[in-house]
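A.B. asks: Per Swiss-Prot, domain 'Fe2OG dioxygenase' is recorded for 80-174. Annotation source Swiss-Prot lists Fe cation binding site at HIS98, ASP100, HIS155. Annotated 2-oxoglutarate binding site per Swiss-Prot: ARG165, in sequence order.
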Amino acid sequence: MNFLTNQLLIQEEIEALIKNLNKENTLWEDGKKTAGSHASMVKNNLQLNRESEISKKLSHLIKKKILSSPLIKSFALPKIIHGIMFTKSLKDMQYGRHIDNPFMSSGRADLSFTISLTDKNTYDGGELIIEEMNSEKEFKLNAGEIIIYPSTYLHSVKEIKNGERLVCVGWIESYVKSIEQREYLFDLDAGAKGLLAKNGRSDELDLIFKSYSNLLRLLGN
């Protein structure tokens, strides 16, 4: 499984984030400032100044929420969560087809994530398009929902036709770089935990958990 979508934030958390972000109208700046040389040519959005105190505070809260999710930790095996920023797209804004930088000053980008702070029914357009080898997948998230996907995929955000798209984005450096290896480990972990919940502990399950832990040691970096 290369993609993960999950409800990360509850309504009260979403409202608190939006309230804080709406206070900082003077801190929104051209999104091209943090894009690579190629991506900056197709990036048209606004982002909260990453060096501002409110950006640092809210980024810390987002990081804590991600690390509190057992499902996300099993899927992404996060070593470093970094580059968190809040972006806003208004009418006629979009982010054209691009690839994320492999390395940033804060870490390697193995996985990218987007958390929607506005509900998908409050704006038109703005779909996230992710390109696999022979197909495209289109995502439009509920408020508080996160999507995590490989940073190696080309992706884009369609033009906003009406309304406002407010999201939090960031990157994950994983303990395991390989997409395939992460998928095998995720399946093994999910299967073992499912059997534990259904049947309780057993000697056979001990061996499965042992194999999972040792595979993580072998494949991790």
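For all residues, glycine too, the Cβ spot is worked out from N, Cα and C.
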A.B. asks: Round to the nearest Å and give the CA-to-CA distance linking ASP100 (Fe cation binding site) with the residue listed as '2-oxoglutarate binding site'.
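C.D. replies: Rounded to a whole number, the Cα-Cα distance is 20 Å.
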A.B. asks: Per 10 Å Cβ neighbour count, which of the binding-site residues HIS98, HIS155, ARG165 ranks highest?
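C.D. replies: Neighbour-count leader: ARG165.
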A.B. asks: Determine how many residues of the domain 'Fe2OG dioxygenase' (80-174) DSSP places in helix, in strand and in coil.
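C.D. replies: Counting residues per DSSP class in the domain 'Fe2OG dioxygenase' (80-174), I get 3 helix, 57 strand, 35 coil.
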A.B. asks: Tell me, how many other CB atoms lie within 10 A of the CB of ASP100 (Fe cation binding site), whichever protein chain they belong to?
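C.D. replies: Within a 10 Å radius of the Cβ of ASP100 (Fe cation binding site) lie 20 other Cβ atoms.
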A.B. asks: Quick one: Cα separation, the residue listed as '2-oxoglutarate binding site' versus HIS155 (Fe cation binding site), in Å?
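C.D. replies: On Cα coordinates alone, these residues lie 17 Å apart.
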